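Q: Here it is, the structure, as structure tokens.
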Amino acid sequence: KVEEVLTDGRRIITFRNGTKKEISTDKRMTTISFFNGDVKKIMPDQRVIYYYADAQTTHTAYPNGLEVLQFPNNQIEKHYPDSTREIVFPGHTVKCLHSDGTKETFFPDGTVVKVEKNGDKIVVFSNGQKEVQTVQFKRWEYPDGTVKTVYRNGRKETKHTTSPARIKDEEGNIIRDEQ
């Protein structure tokens with residue numbers, strides 16, 4: 001290796017394989033430029049920024065355990081210390097994979113989809129409509145208070161805020177019409 005000290009106090013160490021290590025004057029920042037084009041920076045605040053040249057991806061590791069990956073297509077992933085992951089897609093959709101197994105997706109139009117650990121799915125649309133999907137039923141809740149439920153066995157139930165409930169069997173026959 002070859003080491004040189006510049007007039008401003010920076011040190012540059014060059015290794016046989018072409019890798020260069022530059023240490024700032026105050027020794028608080030180090031930049032390593034690898035022979036393959038990768039660059040690693042250790043910042044004064046202890047962040048470690050690693051640029052993968054081949055993948056054109058930047059990985060930043062923070063002292064608190066947060067890790068952020070930035071991809072060339074503008075996708076950003078945040079990996080939190082508790083194992084939660086947040087992915088921001090180029091179209092501004094955000095997906096959160098929580099450490100408890102739940103998943104949430106936030107779409108640019110305001111729609112939110114939440115999937116529980118057990119597989120139950122709740123979709124809340126920007127107009128206030130809500131859809132709940134479980135193994136037992138599928139239910140739609142409308143902004144006017146109407147609730148429609150279709151059960152696994154095919155039975156259908158509709159409840160209006162202004163009128164009584166109507167229940168139909170799997171063949172569409174009314175089995176109860178509360179008046």
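Positions of Cβ are set from backbone N, Cα and C atoms, glycine also.
Residues or ranges marked as domain 'Centromere protein J C-terminal' in TrEMBL: 1-23, 63-90, 100-132, 137-159. The region 'Disordered' annotation in TrEMBL covers 153-179. Taken from TrEMBL, the feature compositional bias 'Basic and acidic residues' applies to 154-179.
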Q: What residues in the same chain, six or more past the boundaries of the domain 'Centromere protein J C-terminal' (100-132), come closer than 8 Å to it by Cβ-Cβ distance?
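A: Non-local partners: 91-94, 138-143.
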Q: Near the domain 'Centromere protein J C-terminal' (63-90), which same-chain residues lie under 8 Å Cβ to Cβ, leaving out any that are not at least 6 residues past its ends?
A: 45-47, 55-57, 96-99
Q: Sequence-remote contacts (6 or more beyond its ends) of the domain 'Centromere protein J C-terminal' (1-23), Cβ cut-off under 8 Å?
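A: The answer is 29-35.
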Q: Between 0 and 100, where does the mean pLDDT of the domain 'Centromere protein J C-terminal' (100-132) sit?
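A: In the predicted model, the domain 'Centromere protein J C-terminal' (100-132) has a mean pLDDT of 96.
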